[in-house]
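Database features, via Swiss-Prot:
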type	residues	note
ACT_SITE	D28	active site, proton acceptor
ACT_SITE	H174	active site, proton donor
BINDING	H79, H83	divalent metal cation binding site
DOMAIN	21-213	domain 'NodB homology'
SITE	D148	site 'Raises pKa of active site His'
Amino acid sequence: MTEFIPLFAVRRNYGDVSGTRSVYLTFDDGPNPFCTPDVLDVLTQHRVPATFFVIGTYVANQPELIRRMVAEGHEVANHTMTHPDLSRCEPAEVHDEVLTASRAIRSACPQALPRHMRAPYGIWTQDVLATSAKAGLAAVHWSVDPRDWARPGVDRIVSSVLAAIRPGAIVLLHDGYPPGEERSCTDATSRDQTVRALSYLIPALQRRGFEIHPLPQLH
């Protein structure tokens, strides 16, 4: 029987670990050749870092985007190899999903050293946490989810984040789609709402006194 883990047992925010009003931008389900470059362009324009939780099968096809992420100061993190519901996987499958994804990341860019892992769909089990820990990966969930994947509109994405943001918050956004849904992301318009929202959101957060930082490395 699968032992599910309550969300309070998984990292959802970082409090105020730096003594500043820090917040953390994270992106799931890339890299995607149509969407990810636009996200990176906005981050570069505003000179802020982010963490990209990437899917290993996409990494193998888009190594240049992984190298660009690292070159521009972003963290590349583990979102498994094929984005399955890990609660339906045997322990050996969980192990393979996590470790193979980390290998794919390092193969694409040896300078990329994954330090964090996020379970697909945010479904955590004891096997997932144990495997992540053994692989040296900190398990990270999120505390702010504007559901940008559903394309609710740019204004809704921005307002949802600003209404929920707190010091230490981890914001969930998307720069791609999971395997099986990738046909939904065949041009730059697929995540255009996320990209446009991001261009408004970053200065709005900064005006409110928040600082955008990389996810902390916990020892």
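These residue numbers are counts, starting from 1, taken along the chain as shown.
Glycine residues also receive a Cβ, built from the backbone N, Cα and C atoms like all the rest.
On a predicted model such as this, the values are computed, not experimentally measured, just so you know.
Over the domain 'NodB homology' (21-213), the average per-residue pLDDT in this prediction is 95. Taking the C-alpha positions, the distance from the residue listed as 'active site, proton acceptor' to the residue listed as 'active site, proton donor' comes to 5 Å. Residue pair H83 (divalent metal cation binding site) / the residue listed as 'active site, proton donor' shows a Cα separation of 14 Å. The two recorded residues, H79 (divalent metal cation binding site) and H174 (active site, proton donor), show a Cα separation of 12 Å. Taking Cβ-Cβ distances under 8 Å and a sequence separation of 6 or more, the neighbours of the residue listed as 'active site, proton donor' in its chain are F27, D28, D29, G30, D148, W149, R191, T194. The Cβ of D148 (site 'Raises pKa of active site His') has 27 neighbouring Cβ atoms from other residues within 10 Å, across all protein chains displayed. Scoring each of the recorded positions (D28, H79, H83) by how many neighbouring Cβ atoms lie within 10 Å, the top position goes to H79.
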